[in-house]
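Quick look at what TrEMBL lists:
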type     : residues : note
REGION   : 487-509  : region 'Disordered'
TRANSMEM : 18-39    : transmembrane segment
TRANSMEM : 51-73    : transmembrane segment
TRANSMEM : 80-98    : transmembrane segment
TRANSMEM : 104-125  : transmembrane segment
TRANSMEM : 137-158  : transmembrane segment
TRANSMEM : 213-234  : transmembrane segment
TRANSMEM : 299-327  : transmembrane segment
TRANSMEM : 339-357  : transmembrane segment
TRANSMEM : 369-388  : transmembrane segment
TRANSMEM : 394-416  : transmembrane segment
TRANSMEM : 428-450  : transmembrane segment
TRANSMEM : 456-479  : transmembrane segment
Amino acid sequence: WWDERVSARFRRNLQPTLTYWSVFFSFGLCIAFLGPTLLDLRCQTQSSLSQITWVFFSQQFCLLLGSCLGGVFKRTLAQSLFALFAASLAISLVFAIIPLCHNVVVLAVVMAVAGLAMGCIDTISNMQLVKIYQKDSAIFLQALHFFVGFGALLSPLIADPFLSDTNCILSNATANASSNLPHIRKSLVPHHPGNLSHYDLPMKGMVVTHVSYAFWIMALINLPVPIAVFFLLYKERMVPCFNSSSHPLLSADELAMETRPAEKDDLSTTVQRPQTARGHDDLFSCCQSKNFRGASYTYFAVHITGALVLFMTDGIVGEYSGFIYSYAVEEPLSVVHKVAGYLPSLFWGFITLGRLISIPVSYRMKPATMVFINVVGVLVTFLLLLIFSYSVVFLFVGTACLGLFLSSTFPSMLAYTEDILQYKGCATTVLVTGAGIGEMVLQLLVGSIIHDQGSYSFLVCGMIFGGLAFTFYAFLLFFHRMYPKPSSDMDAASPDKPAVMDDTGLYQR
């Protein structure tokens with residue numbers, strides 16, 4: 001169902017592609033477990049609810065920091081793979097160490113390490129797949145982001161059998177406090193803890209929790225991931241004891257054969273090799289003035305508008321998953337707590353389903369078209385949610401639709417923006433950073449607005465963010481039309497040829 005050229009490239013890069021996909025599974029496994037297990041971790045550390053929710057902040061902040069710094073470790077394939085090996089191994093170690101953390105500060109530090117590892121995984125895996133497949137990267141990026149959704153669904157399912165049914169700190173106040181437990185647990189969804197200051201749970205007493213087993217199981221499930229990265233290092237002779245006679249995963253000549261006419265190989269390679277060092281740097285390298293020399297204003301505009309689209313859409317993912325439960329249980333819907341608890345799971349389930357559907361769809365549909373459908377779908381869904389704001393049934397339908405429309409936005413935008421810039425800019429780094437900032441900032445903003453204006457403002461904020469995402473995407477389309485086309489002397493026969501500019505230095509050591 002895809003052409004032989006893409007199939008041949010996939011077969012040639014099968015091991016690294018599967019390795020990057022598996023590493024993103026680690027990312028998903030780590031991002032979603034904290035919400036449902038946080039109350040048991042509160043008991044383990046004997047801390048207050050307000051204290052334990054700082055663990056969310058430490059993970060999310062360091063995830064953003066790791067995304068910014070991830071490009072430092074990916075200037076060569078060896079650095080990238082060693083960074084991915086360390087990051088995926090760190091996640092397994094974090095899962096194993098969490099049950100031993102009996103102080104909330106220690107737990108926050110451990111989760112900060114996990115956040116740094118997740119940030120490196122996010123940046124490096126996206127960049128490496130873009131480097132390997134370039135104009136064919138959309139379908140592989142969709143599959144990559146399916147694995148993070150799959151991991152995010154799996155970790156709460158693993159944790160669920162080991163969660164405490166009653167308050168896990170036994171004291172005289174336990175009987176009264178346990179009645180609040182279902183509401184609090186469903187409020188602690190992935191990415192954002194709700195306002196829990198008005199709930200009182202005992203902090204002293206005998207701790208009774210079995211959540212440690214869940215973390216050890218997740219550590220074992222994740223262990224094959226660093227092993228897979230190590231095998232890739234071993235195959236490429238990058239392990240220090242086996243570093244002789246190393247060969248690139250995919251040579252420059254083979255990449256060139258796949259993407260440009262054979263008779264022009266020598267000329268193109270000679271002309272383009274000096275430019276291979278540019279692009280796909282870390283955020284700080286991207287900001288150096290030498291990268292701006294000779295660049296048109298549209299070069300910066302494409303980076304900025306692409307990042308702003310993901311700032312809004314990833315921010316919507318974070319704020320919707322974080323506050324949909326609180327919105328549903330308040331007036332005017334007043335959904336019972338047990339039923340409302342399914343809404344975050346429904347949202348993430350349809351995000352995962354949408355990413356799975358997007359894998360074959362992205363092969364037949366251009367990334368620009370997919371992003372347009374996504375942002376329009378998000379805007380229309382929020383409009384209908386506002387119109388039918390008194391309907392519980394439509395709240396579930398709208399949540400599912402929103403998950404589907406948001407699912408493929410990030411990989412499609414990444415493929416589209418890199419394609420505009422001919423794989424010479426810093427789009428991957430800027431977009432990953434913009435998405436991370438949006439997810440953190442919009443959650444805090446929406447939380448404060450809901451606290452001041454009431455639950456109805458939750459949908460109004462979503463509508464505004466969706467409208468801004470559509471507006472920024474319209475600007476991106478405009479700047480795409482204005483962006484300088486490849487020079488005619490290098491592009492007379494093949495308009496897609498400049499996309500190969502990074503090929504000749506793809507796997508430098």
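Placement of Cβ uses the backbone N, Cα and C atoms for every residue, glycine included.
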Same-chain residues near the transmembrane segment (456-479), Cβ under 8 Å, at least 6 residues beyond its ends: 298, 301-302, 305-306, 308-309, 312-313, 315-316, 319-320, 323-324, 326-327, 368, 371-372, 375-376, 378-379, 381-383, 385-386, 389, 417, 442, 445-446, 449-450
Residues of the parent chain within Cβ reach of the transmembrane segment (80-98), under 8 Å, 6 or more residues beyond its termini: 19-20, 23, 26, 29-30, 41, 70, 73-74, 107, 110-111, 113-114, 116-118, 120-121, 124-125, 127-128, 212, 215-216, 218-219, 222-223, 225-226, 229-230, 232-233, 236, 238
Feature contact check the transmembrane segment (299-327) with the transmembrane segment (137-158), CB under 8 Å, 3 or more pairs: no
Positions whose Cβ lies under 8 angstroms from the transmembrane segment (339-357), at least six residues beyond its ends: 32, 142-143, 145-146, 149-150, 152-153, 156, 182, 186, 189-190, 317, 320-321, 324-325, 328-329, 395-396, 399-408, 411
Same-chain residue ranges lying at least 6 outside the transmembrane segment (299-327) that approach it to Cβ under 8 Å: 186-187, 189-194, 292, 333, 340-341, 343-344, 347-348, 351, 371, 374-375, 378, 399, 402, 406, 409-410, 413, 416-417, 420-421, 425-427, 430-431, 433-443, 445-447, 450, 455, 458-459, 461-462, 465-466, 468-469, 472-473, 475-476, 479-480, 482-483
For the transmembrane segment (394-416), sequence-distant contacts whose Cβ falls under 8 Å of one of its Cβ atoms, 6 or more beyond its ends: 126, 130, 137-138, 141-142, 144-145, 149, 306, 309-310, 313-314, 316-317, 320, 324, 328, 333, 335, 343, 346-355, 357-358, 361-362, 366-368, 370-371, 373-375, 377-378, 381-382, 384-385, 388, 427-428, 431, 435
The transmembrane segment (428-450) versus listed stretches 18-39, 51-73, 213-234: most Cβ pairs under 8 Å: 51-73
Considering the transmembrane segment (18-39), which listed stretch of 51-73, 213-234, 369-388 counts the most C-beta pairs under 8 Å: 213-234
